[in-house]
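Taken straight from TrEMBL:
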BINDING   K15, P16, S17, G23, N24, G152, E153, D154, V192, K201, M202, S203, K204, S205  ATP binding site
MOTIF     16-24  motif ''HIGH' region'
BINDING   D140  L-tryptophan binding site
MOTIF     201-205  motif ''KMSKS' region'
Amino acid sequence: MSDSTFTPRVFSGIKPSGGLTLGNYLGAIKRWVDMQDGAMETLYCSVDLHAITVWQDPATLKKGTREIAAGMLASGIDPETSILFNQSQVPEHTQLGWILNCVARMGWMNRMTQFKDKAGKNAEKVSLGLYAYPSLMAADILLYHATHVPVGEDQKQHVELTRDIAAKFNNDFGVDFFPMTEPVIEGPATRVMNLRDGTKKMSKSGESDMERINMLDDADTIAKKFKKARTDPEGIPESVEGLEGRPEAANLVNIYAGLANSSPQAVVAEYAGAGWGTFKPALAELAVEKLAPISDEMKRLMDDPAEIDRKLARGAQRAREIATPVLERTYDIVGLLRS
């Protein structure tokens, strides 16, 4: 198998470790919807095995997995056009993950900045799973010979590690089996930031619910959160350069641009000189307009968990049609017996 035979294919996933946020929507799902109408095959996944690298309440994890699926479906992911599935329902992920653990080098893993950020001063107490997270992520990607992975800046390093692992595997065994996956990072709202601290990513697990917009928030809650969002006294500048060094202001402008399918430059041009008392209500109104239909459909879908489970099971079956031959060929290359 040579590089020229790799089918153009997109893979990406979201951890079901909490409810979906505006950051998940603008930074990932909205882009995925656009990508499924392109020339590449698309696979989108709830990565529940990554979620359990830190302890999860079992009932909450199941609910979160279904909410992720509901959010993707409600946002426009078509389970017939794309392959939508749950990671743990495709056992080939962990099987390939172990093989790639044996290819990855400790030095590579030690350089992963996200592990350092999450572990902090408690590195000796966190799970081995959290440390090996990037190797499993590489398996998630390479199991489907994914050629492109839409990610945020904070995950770009993990895609680079995936390339390193693929290159070492190919070199070690004298094959050209795994592709050199390309990260896809684009759009003004690729990384949506915390509403209370514009230097931090909007997170499902942040300390305060006021830090984030949840996809299931109602209109009043969305308006309240944007009203309370941290800003500065300067308002909207005359040009986008005026947002430099103003992370909270830049974040709100980027969110508006993402929701409006616009650019920060266009938003600044429209609201130049406006104060936050003008801009924040306009942003809240736009957010409600875009998110309310998605929220309503998510709630409808979540009222029928059996239907979500059926769609995920069908997606897992389709995913395995790609994954099984890749894993079998990997076994043959490595020299592992298989039935």
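Glycine is treated like the rest: Cβ placed from N, Cα and C.
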* Asked: So which residues does the motif ''KMSKS' region' (201-205) touch in its own chain, when a touch means Cβ under 8 Å and the partner is 6 or more beyond its ends?
  -> 17-24, 152, 154, 191-195, 211-213
* To do: Just report the maximum Cα pair distance in Å for the recorded ATP binders K15, P16, S17, G23, N24, G152, E153, D154, V192, K201, M202, S203, K204, S205, no decimals.
  => 20
* Site with most surrounding Cβ atoms, counting all protein chains shown within 10 Å, from the binding-site residues D140, E153 -> D140
* Asked: Can you tell me how the residues of the motif ''HIGH' region' (16-24) break down into helix, strand and coil by DSSP?
  -> 3 helix, 1 strand, 5 coil
* Compute the C-alpha separation of M202 (ATP binding site) from D140 (L-tryptophan binding site), stating it in Å without decimals. => 24
* To do: Could you tally the C-beta atoms, other than its own, that fall within 10 angstroms of the C-beta of K204 (ATP binding site)?
  => 17
* Pairwise CA distance, K204 (ATP binding site) versus D140 (L-tryptophan binding site), rounded so that it is a whole Å -> 22
* Roughly how many angstrom lie between the C-alpha atoms of D140 (L-tryptophan binding site) and K15 (ATP binding site)? -> 13
* Counting every protein chain present, what is the number of Cβ atoms, excluding its own, within 10 Å of the Cβ of S17 (ATP binding site)? -> 21
